[in-house]
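Enquirer: Could you have a look at this structure, given as structure tokens, before my questions?
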Amino acid sequence: MGAGGRMSDSPDQAKDGILKRVPIDPPFSLSDLKKAIPAHCFERSVIRSSYYVVHDLIVTYVFYFLANTYIPLLPTPLAYLVWPVYWFCQASILTGLWVIGHECGHHAFSEYQLVDDIVGFVLHSALFTPYFSWKYSHRNHHANTNSLDNDEVYIPKRKSKVMIYSKVLNNPPGRVFTLVFRLTLGFPLYLLTNVSGKKYGRFANHFDPLSPIFTERERIQVMLSDLGIIAVVYALKLLVAAKGFTWVMCMYGIPVIGVHAFFVLITYLHHTHLSLPHYDSTEWKWIKGALSTIDRDFGFLNRVFHDVTHTHVLHHLISYIPHYHAKEARDAIKPVLGDYYKIDRTPIFKAMWREAKECMYIEPDQDSEQKGLPAYLTCRCVIPIVDKNIAAQVSVIVKVEEREGHNKVSPLPYGHLFKGCLALAAATVSERKVGSWRNAVMNAENTKDMSYEKSQKAKEVGKYEMKWHPVSLINHVMSPPRNLWLTKRNRWTIIHSS
């Protein structure tokens with residue numbers, strides 16, 4: 001598992017808890033989340049969904065009419081100032097239409113798959129997105145979110161694989177170049193060359209029906225997607241012949257580039273954050289990956305983008321809930337998710353710059369050089385032999401909590417399997433908030449038997465030193481060589497059982 005390689009953590013970030021990770025198997029299931037959501041949130045109304053399409057198309061036409069009618073009448077210097085306003089407004093509304101097309105790909109537009117595909121095909125083709133091709137690769141992304149081996153997009157580089165140009169660009173001018181490049185050319189290059197996508201055995205792109213991205217039964221629909229793009233290109237050719245290249249670029253081309261930029265920015269921020277873990281094949285589980293995304297706050301654009309920006313965690317858990325129910329559904333599952341729900345309200349430009357600066361690579365957390373994060377921690381306990389089938393010494397996680405001035409230790413699940421005889425490797429935790437994390441090791445060799453109870457004072461369990469701030473070890477018991485997790489001051493890192 002890896003976390004983003006970062007240079008520093010600001011006090012404000014730690015205070016706000018935006019670096020907090022909860023990358024363990026959650027105590028709830030997908031079924032629990034669905035039960036928490038009101039039944040009507042799962043209803044997909046073709047009439048209501050169509051209303052939003054018509055609404056956005058009307059607003060799109062209004063912006064076009066105003067720009068086409070009045071901007072040419074303005075003095076040239078003023079026109080240069082007004083055109084960017086049009087491009088921003090038009091790109092924002094068209095991004096809302098793109099989001100509806102994206103919902104069609106998830107069968108969230110209506111109860112009828114054919115209707116969804118027709119609407120999505122038209123909307124995405126008009127915005128230079130091959131509908132079926134992207135639908136299928138995006139489906140793979142949802143099925144393998146944050147898997148280092150199988151995710152389809154936003155797969156971070158490991159530290160050892162960081163290219164030399166990444167180091168050269170690790171400065172303010174380089175970051176500006178990287179951000180502009182990503183926002184303007186990132187999506188077209190992803191479609192054409194699979195840049196930043198999953199590594200296949202051969203060249204892959206979204207326009208080749210034989211691409212390894214797609215299965216054999218998907219190839220015909222990939223060709224339909226290609227025909228949709230070809231039809232749009234032909235229509236633009238006719239429009240250029242009638243109106244001129246500059247007119248087409250100003251009215252249509254630049255707003256579409258803006259749509260791609262918005263889309264890339266939104267998804268980049270959803271999947272790039274210092275708190276988001278990525279997993280290799282030995283650790284990844286679907287629900288862990290789905291929970292390893294983060295909501296963002298785009299201000300007034302949240303509504304323009306049909307709330308896709310701040311309901312993304314919900315979307316990765318249940319992708320077929322329509323956008324007009326998404327906020328209600330998100331709020332319904334937040335009590336169930338608890339700390340597993342993450343939202344970062346950092347202003348977008350500030351967040352974009354921060355992620356570009358600090359999320360450069362991933363590395364196993366035990367190799368991390370980050371200040372304040374433990375690189376390696378061993379927790380051991382001795383279990384008396386009360387059954388020949390139980391090893392004399394195994395690894396167990398215990399929970400250390402602060403309770404009214406002293407620390408308590410709770411033997412967690414599976415303790416009853418040891419017939420009430422757990423010897424816990426835990427003791428009084430030093431109240432000092434400083435100490436050596438990197439070389440910290442807890443050992444208890446001659447601990448006495450302790451009857452299984454939900455909670456016992458640590459001092460009654462064993463006697464040895466722990467020279468760090470009180471921590472909370474997660475409620476799960478594993479045997480070597482499985483991975484464990486611990487948290488300190490709202491930050492997570494990987495540790496290993498011994």
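Note: Cβ is positioned from N, Cα and C throughout, glycine not excepted.
Quick paste of what TrEMBL says about this protein:
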type	residues	note
DOMAIN	26-61	domain 'Fatty acid desaturase N-terminal'
DOMAIN	82-341	domain 'Fatty acid desaturase'
TRANSMEM	52-71	transmembrane segment
TRANSMEM	77-100	transmembrane segment
TRANSMEM	246-269	transmembrane segment
Enquirer: Which residues of the same chain, at least 6 past either end of the transmembrane segment (77-100), have a Cβ under 8 Å from a Cβ in it?
Expert: 49, 52-53, 56-57, 59-60, 63-64, 66-67, 71, 109, 119-120, 123-124, 127, 129, 250, 254-259, 261-263, 301, 304-306, 308, 323
Enquirer: Can you work out which residues elsewhere in the same chain, 6+ from the ends of the domain 'Fatty acid desaturase N-terminal' (26-61), have a Cβ less than 8 Å from its Cβ atoms?
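Expert: Tertiary neighbours of the domain 'Fatty acid desaturase N-terminal' (26-61) are 90, 93-94, 96-97, 100, 103, 107-112, 115, 119, 123, 287-288, 291, 306, 317-318, 320-325, 328-329, 332-333, 335-337, 340, 475.
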Enquirer: With DSSP, how much of the domain 'Fatty acid desaturase N-terminal' (26-61) is helix, how much strand and how much coil, in residues?
Expert: 27 helix, 0 strand, 9 coil
